[in-house]
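Undergrad: Below is a structure I'd like to ask you about.
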């Protein structure tokens, strides 16, 4: 299709590379080959046909060359250059095998392999599909199916043509496809229910989907010299690093912090362009960069920003940012972004401005910076190195940033050390407190415990103590009980029965099943000095219901004595210590008789009786703890 | 794209060209915001503005692109005015040089875009009539010669601005509709591939006849 062979980049790049002049000679515009058609600076001054011939020849020459010096690798260190080598190698490889390439693309058998390849190479496809379903799933299965059908046909078609056609033709195809799909969305029944807004979104999404899918083939394709252009512009910008805002007559104030921040933001957005895949995403990066530039200018001068001020500022930003693969990105967007978006709208305007800025940088002369040629040359050769305010400001900014980071880090660290110190202080306090507490406890325990240790050594004393009742301690009694338990078994039984019979006479039926409790009563009465009182107390409640209950039942009566006694049984042995100690003194003469019942009580509760002696054991443990604590504290002291 | 498939609405791209300080930005701000004093303007940026119009029931969206007027950016003009439907060439009536600059723009535009682009020449700052350096007769005669329409405007006094943009829009509309009638199915291609025609200085360019490499 020779008519379409006119390259799209022509529209962008051709004129800008020419110096302004009122007259452009006709000869200047014609093809270098003299075929009579118009040439293009982008095609080295050839027309499209001659350029293609020329490039074919070049390729063949290169292919021949590549056989001879395939291993020639010069030591580049930069990423771009490395990448270029890789693509060059790939290029050479592909070109050195033209026969293989042709056959594989011509054969149908090659196709399924390619599909697979395409899907593997596109990790974003699943994400995009999911996004599509979440966004446009509501419009029904038909829309979805049609969308993916179109995507499939688009990618397949482009992919199959990728190696046979120059990138400009591919771009032309892509644009036609966009139009085709646009017509399809607007005119087919499938999309009838879709609202106009969503239709536009669908078109955008279509573009995004196919471009992300084909990104690795369409961005900076090996068949072009985009990579070289990238390197050239990068080197150029690097050389122009001395250019400052004053050279460009741009009113960016270099001292304001806000302005610096905004400049940083703009630079970040511009740098972010390279990481995007879809053309519209790249465009939106450009837009946000330009919006930041507008903000910068507004900050510096106030009022609405006109193009007279905007363009120099954008040039300045581009110079300071030196974005990676700038030219490749611009060309990619130019080729594959939907024309309608690129020609119209704010995004188109800003992108055009970026193209202008790049073009200006490429053709920058001493004149355009209003400086003498000699000075310009000196700058470019590095003979003069100016410390531009911006350079230093940016460096200072960097320093400030680091300073701030370090300060915050230090602050954080000091807070942490403070907390650590507080914690250690607390810990030492706790340790001291614990030590004191332990000492107190140990002392208190020691106050109580010395009595334990002594009787253990003299178990025979117990009988004497029993008899005399001079023993002061409950524990001692317990110990004694524990030891003398078995011996007294017989006496208990005898004692138990007698009070049982005497007391529980009204409730004979139940007494049998609750012998234990009955025994307890007797024990209580017998054991404690209150023995005489308690029966009376019990009798009074048990007797009072009696007048009411003869008709009813004996149950309340039997229960009545049981309920109050229960707690007594459990409490008394513990409370006992105080009571007995107090009252034993008072009721000295009664003592001999309670002694035996008391022993009987514990034997009656054989199990409980075994538990109670365990109390001394606990005190023993406490003593052990105390000794441990002591050892700990002594260790602490040592430490 | 200049023309939408529906036909009911149009998007037009209009570039503002002219030397620095002739009042390009003021003109567009007066037109879109109806304000002159920049302190009162709410727009953040005046370099790209949209204006919606309705002419004979046709919805029209004007995208007005401001361009940097400094001489050093002159070479970037083609990137700006590429595929635009109309151009407003602004000069300062008190500044003869700015009028010469307009002449050079006209030549360049005709050379690059042929007859596809509608041109309007605006002699701005008529409020400074007493300092006039460019004669009205000369300017109007030139405009007729190159197929443009001449207007006298004052952004400060709000004179002729609205009228100028309206006439330009009507003209663009005519051009587009004419072209649609001529070759409706090929409209996109034509708008895409504007032909380069080299013209002599003071001639209205002939209609494009040849396409690059069309015979291969």
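Glycine is treated like the rest: Cβ placed from N, Cα and C.
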Undergrad: Pick from A:466-487, A:488-509, A:510-531, A:532-553: which range does TrEMBL record as region 'Disordered'?
TA: A:532-553
Undergrad: What range among A:5-32, A:33-60, A:61-88 does TrEMBL describe as region 'Disordered'?
TA: A:61-88
Undergrad: Where does the mean pLDDT land for the domain 'VPS9' (A:227-370)?
TA: 87
Undergrad: For the domain 'VPS9' (A:227-370), DSSP counts of helix, strand and coil?
TA: 110 helix, 1 strand, 33 coil
